[in-house]
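Trainee: This structure is in structure tokens; I'll ask about it shortly.
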Amino acid sequence: MASSTSTRTPAGKRVVNQEELRRLMREKQRLSTNRKRIESPFAKYNRLGQLSCALCNTPVKSELLWQTHVLGKQHRERVAELKGAKGATQGPSTGTVPQATKRRATDVESQDAKKAKASAGPQVQPSTSASSANLDAARAAPSKPGLGLLPDYDDEEEEEEEGGGEERRDSSKHLPDAQGKEHSLASPRETTSNVLPNDPFNTNPPKAPLVPHSGSIEKAEIHEKVVERRENTAEALPEGFFDDPEVDAKVRKVDAPKDQMDKEWDEFQKAMRQVNTISEAIVAEEDEEGRLDRQIGEIDEQIECYRRVEKLRNRQDEIKNKLKEVLTIKELQKKEEENVDSDDEGELQDLLSQDWRVKGALL
């Protein structure tokens with residue numbers, strides 16, 4: 001019987017047509033495209049749809065083996081190396097930010113000190129106009145330079161912002177009080193300058209009015225303290241920083257050398273016990289195998305001995321049978337000989353009983 005898609009040969013083998021082969025190939029391609037693709041940053045497919053690991057540069061035969069490859073030793077080592085390289089690159093970048101803020105803070109302080117010295121030079125004779133100008137400058141100062149370090153603080157980490165938030169609030173609360181005190185100190189100076197004449201023989205010039213610093217400098221000092229605290233933590237200290245190993249371990253918040261040695265000794269003893277148990281189990285297994293081999297050898301020897309005994313018994317039976325046959329034959333021969341002897345004696349007696357003359361005549 002023949003069909004449209006396939007035929008059968010006289011031998012019974014099935015011959016597939018070209019159309020059916022094409023249909024099967026299309027189904028296979030559709031199944032291969034519909035299979036689940038691996039969604040991973042390290043998974044990579046080539047033009048033929050073959051899966052490979054971009055991190056290890058190794059091909060994976062199928063999607064079912066991807067999880068096995070991810071849990072493998074080589075892939076985990078590559079991932080750990082990648083994480084370590086990322087941590088090493090992020091470390092120096094975060095460490096450079098506090099140094100830049102320190103430099104900016106010191107530059108701001110030096111500039112303020114220069115301004116204070118410059119303002120202290122011409123104010124040898126205090127006046128109402130100078131004091132009022134200083135007060136106006138002091139009131140306007142917090143609003144202008146306070147913007148100098150704000151972008152730097154936007155780039156800091158969230159933890160530093162939370163830690164310095166309370167101190168910033170306290171400093172902002174104290175600023176109005178300081179301005180009020182300075183205003184109250186400046187008002188008596190104005191009254192005294194109006195009442196008393198200028199003394200040309202006064203060798204001690206009046207001190208320059210206190211100009212309140214802006215909040216940016218206080219913020220820089222707070223940030224500098226936070227950076228110094230972070231640099232002075234136990235994580236920044238290298239191993240062996242202190243001569244005393246116990247103090248060094250206590251500061252770095254690790255186990256003391258003695259405790260570490262005890263811990264290592266306990267681990268060593270535990271490992272030795274495990275090795276001893278394994279070796280004892282191996283020796284016991286070998287002894288058991290040797291005992292079984294000896295028993296098998298003894299059993300084989302016993303079987304061989306039983307075979308030899310059976311052979312000897314069979315040979316003994318054969319010899320006994322042969323001996324019996326020989327004895328019976330001998331007895332028969334004796335009986336025949338006795339019969340022959342008796343016949344000879346009877347004939348001899350017959351001859352002797354006859355007359356000799358008759359005997360001679362017969363001859």
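Heads up, the Cβ atoms here are built off N, Cα and C, so glycines get one too.
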Trainee: Which residue from S119, S143, S353 is recorded in Swiss-Prot as phosphoserine?
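Mentor: Going through S119, S143, S353 one by one, Swiss-Prot annotates S353 as phosphoserine.
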Trainee: For the set S32, S172, S342, say which residue Swiss-Prot annotates with phosphoserine.
Mentor: S342
Trainee: Ranked by the number of other Cβ atoms within 10 Å of their own Cβ, which of the modified residues S342, S353 ranks first?
Mentor: S342
Trainee: Summarise the zinc finger (53-75) by DSSP state, stating how many residues are helix, strand and coil.
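Mentor: Counting residues per DSSP class in the zinc finger (53-75), I get 11 helix, 4 strand, 8 coil.
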Trainee: Grab the same-chain neighbours of the zinc finger (53-75) for me: Cβ-Cβ under 8 Å, and only residues 6 or more beyond its ends, written as numbers and ranges.
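Mentor: For the zinc finger (53-75), the list is 35-38, 40-44, 82.
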Trainee: Report, in whole Å, the straight Cα-to-Cα distance of S342 (phosphoserine) from S353 (phosphoserine).
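Mentor: Here the two Cα atoms are 16 Å apart.
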Trainee: Does DSSP give S342 (phosphoserine) helix, strand or coil?
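Mentor: Where S342 (phosphoserine) sits, the three-state DSSP reduction gives helix.
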